């Protein structure tokens, strides 16, 4: 019942058409930003560089509708076990329910742990200014 998904599935990099202004992709392409030279910050004609920024969205971490699949598999297992609760088919149906429930639980745990990027950063860097806690 397990399926392996590519870690890059659902990631979209914009094509040249989307970079030119066509709104056909979910990625956002920002307009070029001009940087002034550090040697002469007031003169914009000296050493201009163009920087392009792009945001890329990844696929969701959990499959959509997994709770619906769990509910459906429970109903299916109950129907399968009505006639003979000790049959192999009944056991297999409840195994499927258990696997889907575990997958849903793992997806919820991943969503909780990745919910706040600042918390993740502060776990790795507690000494930084952003992560200091002050007592009144």
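Placement of Cβ uses the backbone N, Cα and C atoms for every residue, glycine included.
Just so you know, TrEMBL annotations never went through curation; they're auto-generated.
Sequence annotations record features per position, and here TrEMBL assigns region 'Disordered' to 1-32 (among others).
Annotation source TrEMBL lists compositional bias 'Polar residues' at 21-32.
As annotated by TrEMBL, domain 'CP12' applies to 66-136.
For 81-90 (among others), the entry in TrEMBL reads disulfide bond. Around the Cβ of residue 81 (disulfide bond), 16 further Cβ atoms fall within 10 Å across all displayed protein chains.
Assigned with DSSP, the residues of the region 'Disordered' (101-136) fall into helix, strand and coil as follows: 24 helix, 0 strand, 12 coil. Annotation comment: TrEMBL describes 101-136 (among others) as region 'Disordered'.
Marked as compositional bias 'Basic and acidic residues' by TrEMBL: 121-136.
Taken from TrEMBL, the feature disulfide bond covers 122-131 (among others). Cβ contacts within 10 Å of residue 122 (disulfide bond), excluding its own Cβ and spanning all protein chains shown: 16.
Cα of residue 81 (disulfide bond) to Cα of residue 122 (disulfide bond): a distance of 50 Å.
Counting neighbouring Cβ atoms within 10 Å of each of the disulfide-bonded residues (90, 131), the lowest count belongs to 131. Across the fold, the C-alpha of residue 131 (disulfide bond) and the C-alpha of residue 90 (disulfide bond) stand 52 Å from each other.
Between the C-alpha atoms of residue 122 (disulfide bond) and residue 90 (disulfide bond), the distance comes to 47 Å.
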